[in-house]
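Visitor: Pasting the relevant annotations from Swiss-Prot:
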BINDING   Ser71, Arg95, His96, Arg97, Gln103, Asn192, Tyr193, Arg194, His198  FAD binding site
BINDING   Glu92, Leu93, Ile94, Arg95, Gln103, Leu104, Ser105, Gln106, Arg107, Arg176, Arg203  dUMP binding site
DOMAIN    7-237  domain 'ThyX'
MOTIF     95-105  motif 'ThyX motif'
Amino acid sequence: MAETAPLRVQLIARTEFTVPPDVPWETDAEGGAALVEFAGRACYQSWSKPNPRTATNASYLRHIIDVGHLSVLEHASVSFYITGISRSCTHELIRHRHFSYSQLSQRYVPENDSQVVVPPGIEGDAELEGLFTAAADASRAAYAELLAKLEAKLMGDEPREGRATLRRKQARQAARSVLPNATETRIVVTGNYRAWRHFIAMRASEHADLEIRRLAIACLRELVAVAPAVFADFEIYPLADGTEVATTPLVTEA
């Protein structure tokens, strides 16, 4: 029986920032948030912080977002390693073209023991989960049988390791066609702050597919911990059905 994989979002990289020694400026933040403020002040050379209403990093970044000067958010970035996500969900995720992606390859990695992600609409219903599990198991059995026969067919009398590696890839790329969209995949996603804000605004919405909405909420929680001045304006709240959404009163895209 196929095992299920829980969603996991792990922070693996974030922006660091060093103030140039010849710039007479300091701030009360660090990392990406400091870099965003520096970039904004560089446009106007406002190192002395002439406006007391934007003298702190948090107040400056809130003003930047509120007026839609979002380009400065593009200087700072965050990378996540995401597991327990379905192939169908990553098909939606990769439509966000300002992110960079590195995803598990089904040509190089055999999927005989792959896990599955139970769709939220099926989750918790014993009858539906039974049907889902049976279908997933049948797909994996077909994959294993196809893979074995394709490898036997393609290998032929070519014992050389280089050719054998190629033939195995060719067998996997053909056999994977029967794997379900619910097959778990793993992916590294890197995006700048502006791209992440856009993603959260689009995918943490009630109108988004529930699996990618859960992903957006999980990413948001990590992003708020990394750069609260940039992401804490998003409020997470529950809906009547027990799921969560996130919204912000500020500008998400100019």
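Yeah, the Cβs are placed from backbone N, Cα and C, and that goes for glycine too.
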Visitor: Let me know the model's mean pLDDT on the motif 'ThyX motif' (95-105).
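Guide: Reported value for the motif 'ThyX motif' (95-105) is a mean pLDDT of 98.
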Visitor: Looking at Cβ-Cβ distances, which residues of the chain lie under 8 angstroms from Gln103 (FAD binding site) while being 6 or more apart from it?
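Guide: The answer is Thr90, Ile94, Thr185, Arg186, Ile187, Val188.
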Visitor: Can you count the other CB atoms that lie within 10 A of the CB of Tyr193 (FAD binding site)?
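Guide: The answer is 27.
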Visitor: From the Cα of His198 (FAD binding site) across to the Cα of Glu92 (dUMP binding site), what is the distance in angstrom?
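Guide: A Cα-Cα distance of 14 Å.
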Visitor: Under DSSP, the motif 'ThyX motif' (95-105) has how many residues in helix, strand and coil?
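Guide: Within the motif 'ThyX motif' (95-105) the tally stands at 0 helix, 4 strand, 7 coil.
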Visitor: What's the CA-CA gap between Arg203 (dUMP binding site) and Tyr193 (FAD binding site) in angstrom, rounded?
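Guide: Taking the Cα atoms only, Arg203 (dUMP binding site) lies 15 Å from Tyr193 (FAD binding site).
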Visitor: So which one is it: of the binding-site residues His96, Arg107, Arg203, which has the fewest other Cβ atoms within 10 Å?
Guide: Arg107
Visitor: Relative to the Cβ of His198 (FAD binding site), which residues of the same chain, six or more apart in sequence, are found under 8 Å away?
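Guide: His198 (FAD binding site) has long-range Cβ partners His96, His98, Thr252, Glu253.
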